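According to Swiss-Prot, the protein has these features:
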| type | residues | note |
| --- | --- | --- |
| BINDING | 8, 9, 10, 11, 12, 13, 14, 15 | ATP binding site |
| BINDING | 95, 128 | [4Fe-4S] cluster binding site |
| MOD_RES | 98 | ADP-ribosylarginine |
C-alpha cells in the first residue's frame with residue numbers, strides 16, 4: 001500500500017489537485033482512499049459530485065466514536081474512490097488539528113486505512129502537531145509539496161520541508177519528500193522559479209499544472225476535470241501526475257532554506 005500526502009498553503013489548489021490525482025489513479029484500476037485533513041472539509045466534494053459528506057469530528061460530537069461504523073464515515077465517489085473528511089472544531093472553539101488525530105484513531109479502529117493508495121490532503125499553512133500527524137506517525141510515507149510561484153506559497157512549502165526534515169530524524173517516522181508540484185498562477189517565470197526552489201531544498205519538480213479555465217468549469221459542474229473533460233489537455237496533466245506519483249521511487253530528506261536564503265532566492269526571480 002502506498003500512502004502519500006499533499007501539503008500546501010490554503011487556497012493553492014491542493015484539494016483540486018488531490019481529487020483529480022485520486023480520480024486519475026482510480027482510472028488505472030487502483031483502490032483509492034482520499035482523506036481530507038482540512039477544517040474546510042471540501043477535499044472530496046468534487047469526487048462526491050458536490051455532496052458535503054459528514055465529517056468525522058461532527059459524527060463524534062453527535063454520537064461518540066464508539067457508535068460510528070465504517071459506512072458512517074467512508075463514502076464512495078467517482079470511480080469508487082473512498083472518501084473521508086476529518087472536519088474541524090466549531091468556530092472559535094478547540095483545535096483544528098484534533099480532527100485529524102480523531103480521524104486517524106477512528107479509521108484505525110474501523111480497519112479502514114487500506115487500499116492500493118491512500119491520499120492525504122492536508123492543510124499546510126501551520127504544521128502543528130495535529131496537521132503533522134500523517135507525517136509524524138508514519139502514515140504518509142511520501143510527502144508532495146503543492147505550491148505556486150507566489151512567495152507566501154513558497155514560504156509555506158519551505159516550512160513543510162522543515163517539518164519533514166525534523167520528523168525524519170525520529171525513528172518512528174518514515175516520511176520523505178516525494179517532490180514538488182507547481183499549481184501555476186500564471187506568474188512570469190513561475191515554472192523556473194518552482195523548479196529551482198525544488199532543487200535548492202534537495203528535491204525535484206515532478207509536475208507543472210498549468211492554470212486552466214476548465215478547472216473552474218468542471219467544479220461548477222461539481223466534478224473533477226478527469227471526469228468532466230477526460231480527453232482534455234488538463235486531464236492529461238493529472239493523469240501523468242498520477243503515473244509519476246504511483247511509480248515514484250525517488251524520495252529525499254529535504255534541506256529547507258533559512259529565511260534569509262528564502263528572501264534572497266525570491267529576489268533572484270523578481271523583475272524589479
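Glycine is treated like the rest: Cβ placed from N, Cα and C.
All features noted in Swiss-Prot, drawn onto the structure.
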{"residue": "8", "record": "ATP binding site", "CB count, 10 Å": "28"}
{"residue": "9", "record": "ATP binding site", "CB count, 10 Å": "23"}
{"residue": "10", "record": "ATP binding site", "CB count, 10 Å": "15"}
{"residue": "11", "record": "ATP binding site", "CB count, 10 Å": "13"}
{"residue": "12", "record": "ATP binding site", "CB count, 10 Å": "25"}
{"residue": "13", "record": "ATP binding site", "CB count, 10 Å": "21"}
{"residue": "14", "record": "ATP binding site", "CB count, 10 Å": "25"}
{"residue": "15", "record": "ATP binding site", "CB count, 10 Å": "25"}
